[in-house]
Amino acid sequence: MDSLRLRPSLLGARPGKAAPPALRRGHFLPAFCSIHRNGKGPHYLSRQRTQGPTFDHCQKFFGWKSTYHRIPHRPAASSADASGQPFHSGAEAHDSASIWKPISSSLDAFYRFSRPHTVIGTALSIVSVSLLAVESLSDVSPLFLTGLLEAVVAALFMNIYIVGLNQLFDIEIDKVNKPTLPLASGEYSPATGVALVSAFAAMSFGLGWVVGSWPLFLALSISFILGTAYSINLPFLRWKRFAVVAALCILAFRAVIVQLAFFLHIQTFVFRRPAVFFRPLIFATAFMTFFSVVIALFKDIPDIEGDRIFGIRSFSVRLGQKKVFWICVGLLEMAYCVAILMGATSACLWSRYATVAGHAILAAILWNRSQPLDLTNKTAITSFYMFIWKLFYAEYLLIPLVR
C-alpha cells in the first residue's frame with residue numbers, strides 16, 4: 001500500500017487551531033505509526049488520549065479499507081450516540097435473555113404435558129358438533145358463541161386432567177416409550193404433576209357448575225370417571241391394561257360423549273330447543289365410532305416396546321404391529337366408503353358434492369400414505385399416528401357439511 005488518503009480534520013489539528021472534537025473525545029489511533037500523505041514523506045501520528053481498544057501494530061490500522069471509521073466508545077453503562085439514541089449494554093440483553101429462557105422452557109414443558117394433538121382434537125370436535133345445531137345464520141349469535149366457548153374451555157381443562165393423570169401413572173413406561181414428556185424426563189416432579197391435574201380437574205368442574213348446563217356437566221363427569229379408571233393404578237381399575245376395555249373407554253369419550261352431550265348442550269341449554277337426533281348427528285356418531293376404534297388401536301403401535309416390558313396387553317402386543325396397522329387402515333377406508341355412500345344420498349346438492357369429494361380425497365391420501373411405511377421404524381410409525389390425528393381433524397371439518 002503506497003499511500004492512504006485521510007482527511008486532515010480526522011488526523012490532527014491545523015497549526016494554530018484547536019484539536020478537532022473527534023480527537024478531543026478520545027478517538028483511538030495507534031500509539032505511534034507513520035502514514036504517507038499524497039506520496040510525500042511520512043507523517044507521524046501519536047495517540048495522547050485514547051479510551052478505546054488499541055492496536056499493537058500499525059498494519060492493523062492500515063487494514064481499514066478506504067475511510068477512517070469512527071468507532072464510538074461504549075462504557076459498561078448505557079450511553080447515547082450522536083442522534084441521542086441510547087445504547088443498551090450487553091448485560092441488559094443478557095438479563096432479558098436469562099429472564100425469557102425459563103419462561104420459554106416452562107411453556108414448552110406444559111405444551112408437551114398437555115398432549116396438544118388431543119387438545120386440538122377435543123376443541124375441533126366440540127366446535128364441529130355444535131355447528132350441527134345451527135339451523136340458520138341468525139343462530140350464530142353472541143349467545144351461541146358464549147355457550148360454545150364455555151363448553152370448549154371446560155372440556156379442554158378436563159382433557160388436560162386426563163392426559164396428565166395418564167402420564168403420572170406411566171412415568172416408567174414413558175421413559176421407554178415417550179422420554180420427552182416432562183414427567184418422564186424429570187422436568188416435572190410427581191408433585192408438580194399432581195398439582196396440575198388436580199387444578200385442571202377442579203377448574204373444569206367449577207366452570208361446568210357455574211355454567212349450569214346439565215349436558216355439559218354430565219359430559220365432564222363421565223369423562224372424569226373414564227379417564228380416571230383408564231389410568232389410575234388401583235384394584236379393578238387401570239383399564240388400559242385390558243385392550244378391549246381401553247378401546248371402549250376411548251370410543252365412549254370420542255364417539256359418544258363428544259357427539260351427543262356437547263350437541264345437547266348447544267341444542268337444549270343454549271338454544272332452548274327440544275332434543276332431536278337427526279341425520280348429520282347420527283352420521284357423526286357412527287363415523288367417529290370407527291375413528292375412535294382406530295385411534296385406540298393405533299396409539300399402542302409406537303409404544304409396543306414399553307407396553308411389553310411393563311405387562312400392558314395391548315392389541316399391538318398380542319397381535320403384532322403389522323396386523324394392527326392394517327386393521328386400522330382397513331377400518332378407516334371402510335368408514336370413508338360408508339361416508340361417500342351416505343353423501344351420495346343427500347338431498348342437498350352442495351352437501352352431496354362436498355361430502356363425496358372430501359371423503360374420497362381423504363381415503364386416497366390415507367391409502368397412498370400407508371403403502372411405503374416402514375413398520376420397523378418407530379419414528380415413521382409415530383409420524384403416521386400424527387397423520388391419523390390430522391385425518392381426524394379433517395373429518396370434523398367435513399361433518400358440519402353433512403345435511
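Yeah, the Cβs are placed from backbone N, Cα and C, and that goes for glycine too.
Per TrEMBL, the feature transmembrane segment maps to 119-137, 143-169, 190-210, 216-236, 243-264, 276-298, 324-344, 379-399.
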In contact by Cβ distance (the transmembrane segment (119-137), the transmembrane segment (243-264); 3 or more pairs under 8 Å): yes
Recorded stretches the transmembrane segment (379-399) and the transmembrane segment (143-169) touching, at least 3 CB pairs under 8 Å: no
Range from 119-137, 190-210, 216-236, 324-344 with most C-beta pairs under 8 A to the transmembrane segment (276-298): 324-344
Residues of the parent chain within Cβ reach of the transmembrane segment (324-344), under 8 Å, 6 or more residues beyond its termini: 283, 286-287, 290-291, 293-294, 297-298, 300-301, 315-316, 351-352, 354-356, 359-360, 362-363, 366-367, 370, 373, 375, 381, 388, 391, 398, 402
Long-range environment of the transmembrane segment (216-236) - Cβ separation under 8 angstroms, sequence gap at least 6: 150-151, 154-155, 158-159, 161-162, 165-166, 168-170, 201, 204-205, 208-209, 246, 249, 252-253, 257-258, 261-262, 265, 269
